[in-house]
Amino acid sequence: MSDVPMPQASGSNSTPAQLPINLFTRSQSDAIPSSTYFIPSGWRRFQLSELINKVLQNNAEHGKKPVPFEFLINGEVLRGSLENWVKKNRGGDEESQIDVEYVRSTMPPEEAGRVEVEDWVSGLSLERNGYILLSSYLSHLQILPKSTTSPASSSALFTLPLPTSLGATSCTWVSPPSSTQDILLAAGGVDRLVHVFNIPSLSAGATEPPPRELYTLHGHTAPISSVIASSTGKEIVSGSWDGNVNFYILPTTEPTEHQLPAEPLSYLPGQGNKKRRKMEKEAGGRDPVEGLTDGDSTGEGGWRRAPDGVMRGHQGRVGGLVWDKLDEGRVWSTGWDGSVRGWDVDNGAAAVLRQGPTDKSGLCIDQFRANGTLATGNMDRTICLWDTRQATSLISLTLPTSSPVPSLKCHPTSSFTLASATYSGVVQIWDVRSPKHALFSISNANKAGSGEKRKVTKNGKVLGERLLALDWDGETLVAGGEDGEVGIWRATGA
Amino acid sequence: MASRNATASSSRVASRAAAGPSRVPPSTKTKKRAVEEISVEDDEDEFGAAGSGIDMSDDDEEEEQVEGEGGEDDQEEEEFPEFDSELEDGEEDLVAGEGEDASDGDDESDSAYGEEEDDEESGSESGYNSSDIEAMYDSSPATSPSSSHKELSTDEKLSKMIAKHSVKPDETLGSDAKISGAKEGVGRLVPSKLVEGGYKREYEEYEAGYGSESSTEDNPNTVGNIPMEWYDDLPHIGYDVNGRKIFRPAQGDELDKFLANVEDPNAWMSAEDKLMQQSVQLTDKELDIIRRLERAENPDADYDPYQPTIEWFTGEGKERVMPLSAAPEPKRRFVPSKWEHKKVMKIVKAIREGRIIPNKPSAAKPTVYAIWSDADQANAPHAMYMPAPQLPPPKTAESYNPPEEYLPTEQEKEEWENMDKEDRKTDFLPQKYDALRLVPGYKNLVQEKFERCLDLYLAPRTRKVKLNIDPESLIPKLPAPKELKPFPIACSVQYRHPGDTRVRATSVSPDATFVASGSEDGVVRLWDLGNGREVWRWDLKSGPIQYVEWSPYKDEALLVALVEGKVVVMSPLALVAPTVAAATLTHVNTAFASSAATTKMGAGKEVKGTEAIKWVRPSEKERERGVLVYVEVPGTPKQVAWHRKGDYFATVAADASNKSVLIHQLSKHATQSPFRKLPGAVQRVAFHPTKPHFFAATQRYIRLYDLAGQTLLRTLQSGVKWISSMDVHPGGDNLIVGSYDKKLAWFDMDLSAKPYKTLRYHTRALRSVVYHPTLPLFASASDDGTIHIFHCTVYTDLMQNPLIVPLKILRGHRITDGIGVLDLRWVAGKPWLVSSGADGEVRLWCS
């Protein structure tokens, strides 16, 4: 478009160099006609953004607000002037064309508050609007109210203790956000069980029937690493350190008997001998193994359920799970063996297998809703994007981080931005179009001098800067971990 | 008649010495004397005189002799007088009796003659008197019937001869039968004093008839070639041949000498004989020799340097007409050579084909030369040819008209002049002249030329063989670390211990799930490997945890921790699968005979030296926590090594004397002390990964025992001062040893008992060395706070040495009280490393 006005190019008296630039974008709404623009080399992001807004006629006359844009050249966000970039990367060659991609700018996250938890936060969920669900190693689930305007109060709406002291490792809302009564939520624990809780109503004050544990899902032989629920809220899939992915169908009505006999699973102190006797009565002649302080958790636990399907395949731990956002019948998992597997939940078959290097142990997984690309956070300090639609492609993109990524979340709508938490205590927001550097990095590390003595929790656990859990609903970003706090940020991200 | 000839010649030999005149029969002494006188008279022509003057009466005999010995030469004259007149008869007899058995008789008679002649002649020669001979004859009864021979008749003579030869010679008379005639002639028989009735032969002093120039002079001194002053203070000056002292001749004083010199006209030609210590007058001959020597001539007066050539084979009439050999003339002399023919035909063919052009004019030399050009001269391609170093070409500054910038400033000039001649960069100052003709004569020309010549002369003209080795090529070709990925690079997870406590030991569960750590606050902690959460803890409340080690058996979750005086067997029962927990409990608890028996001695067997070791059941509360067994051992156990099957484990204790190495069996609760006497303070032990072998590392040596055969298999000499840690390669043939003196030694047990490599790269003592169970990696930790990661490929090919490549240095542990990293463990199946340090942290290092 040669008739595009070039506000300063014609007016400038000194003769600044003009750079040939191709501007393009991958989002349909912001596309401008493709052409080569000669742009003064002194221009920065702001001028370029102005230019595009002008072309898009995003101004008050047309009733649209100007949109800030970011500019990416070769996967790097343009930070200085074009001239500097050319000097740095092209050695001052001002004649060859520069392909500049522009994206809608994401606003830097804004800290909205911190909620203190007494122990390490292991799981966070923002799926239900207005509430923060968190699980912690203190072996409880907490539901916190979330308000975007005011800093979240630290008082929890509900606190659901798990019948174990070993800690909860993950949590999820089971009931879809639409349901308001008898809301189910699930937590996986180090005690190898998935605990499903029932909350009659979330509305404050309405606590006549107290929340209780409804089901206890057995089947894993090692601590649970991840629990997810289907969008209908009827199925639960859990992954564990034993490498299995278990599939549970929740009954629609509350059952009247256990599917499983109590197993002698609890060796925990303080769970007395009365249960042992009870177990012996129930199990009927099963030889108690000497030394096992067996006891079942019926007193505190819910109805014991056996898995409806066990999907075996991972060698080593299952790191993370995600329900396919496009296909209801598929679950993706990543494991410590470096593989990403897709499972058909109906028949428990392994549908897709992508095997990466074995030391690329996956810790978490998420999926972009827009294009179905999978993103995993790995132990080898990378975030990998997996293109699962093509049979041949393996890892399509690798984003380097500074430490292992135990949790990441893709933007709910955008197909480019994702947020990640790392063991070094940094929350990062990435644009996959700019894979070299994160768009934003927020350090969660204690701002107060790090030379300080380590804080120790009541039960003797050292608090550090490590982050373990993160969630992002496109508006709010929460992250928590070793420091026993949940940080809340306002981050829109595309 | 060969034998006769022989006797004759032998007698001749004897007679020659005795000279002709002894022809006379020696019957009377006077006669012999006369003959001797005659012989003395006729000194000049001995033979002739003897021949002519003695007796012509023997003519017939001579003829006989001539007949008998036809081949005799002209010495016959000398020969024939030997035959005495006496013998005529015998001879005649012999001739007369020729009809008899000739050979025998002749021989005998001859020999008899010989004997007689010899005796007589020797007697005459050496001055025997007749009485001697008589005595001799008397003694032989057969030969001396009477003293006078002459009176005997022919018959008697004959019979006497027969008798003499038919009788065995008397052996008592010396051994004259064996003594040859020649010897008999010189000896004299005298009655022996030693043997009763025996004789012995006595010899005259032998006089050598040497020439005058040899050492036969009087009193030759035999002291040899020694400085004569050694005898200065002795009365004698040496010894003669017989060993008698030669006394110093009388010496006058100097005055006497002088006077003697003055008086003696021959004094000038006398010389001092050092050997005899007297002055000897030189003869004319000797003087002549001296003169000749002075003139540098041949000292031999008879030597004629110009003697005429004697033409033996050449010259007139001396041509050799006879061939030297009788071989017929070879064929090649007269048959044309086929080979030459072929050669010629080849050339002919070449000429015909035009390959060879005969009489080809040689290449015309150019008539005009570039006389200064070296191009037409062949280089001397000698191996040692070395041209003189060339002078550098002149530079711009040396020009007579250099550009301005080359001209020195005043200051530079001054500096140049003040400098020593040796220190000057150039030996001239650039100067500018407008024209070449203005340049004055160069006054240093001669000096410079001289120096140049001196340089060339003094320059060492040797070709230096310089070893041109690229230092890069000496570095072993190791693959780049990039190619050997994955290996741990960065710290990913920290397992933080509350408070300031050293974490002495760490261990990773065989399923890579949990990390166990033992710290000095007495707590064994169990951590989630992935996120560093402490998931379980055992507070053993018995002092610092010395060591923790997971059982390598994956179907059980067993952990052994060491505290002072106790080995604690534990299991995180609550965290593992129920089947695993049940298997673990069954394994550990079956040996408790009943729940009542909480204390048990070592398997009930009489194991010597294990009385103090008890397997104790912990209290129920502890058992609920997963503490399964206490084994009470003497001393402070320092290390645990598990057998791969997870039933046996060995502990090493400090200060437990001979019970420091113990092997425990979990299923039987039995403990044995494998060594009755220890080879030293055992530092580390390990089980062989595949064989029933057992490694025990003392301060300097590693011993390999066969547990089944109860024998010592090998002793490895580490060469380090104090071994701190040891690990066996999963293949079982390699071993690494870390030491407190900063060294790491790699043993290839197929190779030698000495380390294959000794690496020294840590700056402080090594604390731990570990092999990765599956990947080709090993790591070492040190008090300098670093962990070094190495790649190590162990080839199955025995000929190939292990490949060791340094990969990465991991830093992060802080040095606390001089102690850095204390323990290392690899994560099974992953290139991840877990380290524990004195700074109270356990770290996971990921690729």
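We number each residue from 1, going along the chain as drawn.
Here the Cβ of each residue, glycine as well, is placed from N, Cα and C on the backbone.
Annotations in TrEMBL come from automatic prediction, not curation.
Residues annotated as region 'Disordered' in TrEMBL: B:1-178 (among others).
According to TrEMBL, the feature compositional bias 'Low complexity' maps to B:1-27.
Summarising the annotation, TrEMBL assigns compositional bias 'Acidic residues' to B:38-47 (among others).
Per TrEMBL, compositional bias 'Acidic residues' is recorded for B:56-123 (among others).
Residues or ranges marked as compositional bias 'Basic and acidic residues' by TrEMBL: B:148-159.
For B:231-488, the entry in TrEMBL reads domain 'BOP1 N-terminal'.
The region 'Disordered' feature in TrEMBL is assigned to B:392-422 (among others).
Under the heading repeat 'WD', TrEMBL lists B:503-537 (among others). Confidence over the repeat 'WD' (B:503-537), given as mean pLDDT on the 0 to 100 scale, stands at 90.
As annotated by TrEMBL, repeat 'WD' applies to B:759-790 (among others).
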Report, as numbers and ranges, every residue of the chain located at least six residues beyond the repeat 'WD' (B:503-537) whose Cβ falls under 8 Å of a Cβ in that stretch; write 'none' if there are none.
493-497, 543-554, 557, 559, 561-563, 568, 570, 572, 574-575, 626, 822-830, 834-838, 840-842, 844
Secondary structure composition of the region 'Disordered' (B:392-422) [DSSP: H/G/I, E/B, coil]
15 helix, 0 strand, 16 coil
Close approaches to the repeat 'WD' (B:759-790) from elsewhere in its chain (Cβ under 8 angstroms; 6 or more beyond its ends):
487-488, 724-730, 736-746, 804-815, 818-826, 828-829, 831, 833, 835, 837, 845
Can you tell me how the residues of the repeat 'WD' (B:759-790) break down into helix, strand and coil by DSSP?
0 helix, 19 strand, 13 coil
Grouping DSSP H, G, I as helix and E, B as strand, the residues of the repeat 'WD' (B:503-537) number 0 helix, 22 strand, 13 coil
